[in-house]
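According to Swiss-Prot, the protein carries these features:
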type     : residues     : note
TRANSMEM : 11-31        : transmembrane segment
TRANSMEM : 44-64        : transmembrane segment
TRANSMEM : 74-94        : transmembrane segment
BINDING  : Gly84, Thr87 : Na(+) binding site
TRANSMEM : 107-127      : transmembrane segment
Amino acid sequence: MSNLFKEVRKLIYIIVGIAGILGALSRYYLGLNITTFWHHSFPLATLLINLIGCFFLAWLTTYIARLNILPSEVITGIGTGFIGSFTTFSTFSVETVQLINHSEWSIAFLYVSCSILGGLIMSGLGYTLGDFLIKKSLTEGDYS
């Protein structure tokens, strides 16, 4: 393994780690702010955070990654580090189990449905926006 390759791998670990810290802190801060005005059993904070993450990950991988304006290490840091720690499948799963354990079946069903369908819709919107911006860049000659 070459020294350059080892250095790049170290850099990726550092970028993903720092981005992960920032993503986790952002999720925590946003979650706190949402729960200050939302006082119902439906886990709105986690749902909104995960939907935002779905949109931005799809947009990132469709638009930013294809533009070649950022090094792949930074794209990995943003996608895996920031967005990966910003979104939370485990919290979604635990909150769903808690709703079921409290016999809040309709809220659990609504939460799972909104999470899955909303995630697919937001990912689709992020992809569509990214694809639109790529095509716009191509027609304007900004794409490298």
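Note that Cβ sites are derived from N, Cα and C of the backbone, with glycine treated the same way.
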Leading contact stretch, 11-31, 74-94, 107-127 vs the transmembrane segment (44-64) - CB distance under 8 Å: 107-127
Using Cβ atoms only, which residues of the same chain lie under 8 Å from Thr87 (Na(+) binding site) while being at least 6 residues apart in sequence? Arg27, Ile49, Asn50, Gly53, Cys54, Leu57
Long-range Cβ list for Gly84 (Na(+) binding site), cut-off under 8 Å, min separation 6+ in sequence, same chain only, gives Gly20, Gly23
Positions on the same chain near the transmembrane segment (107-127), where near means CB under 8 A and six or more residues out: 41-43, 47, 50-52, 54-60, 62, 92, 95-96, 99-100
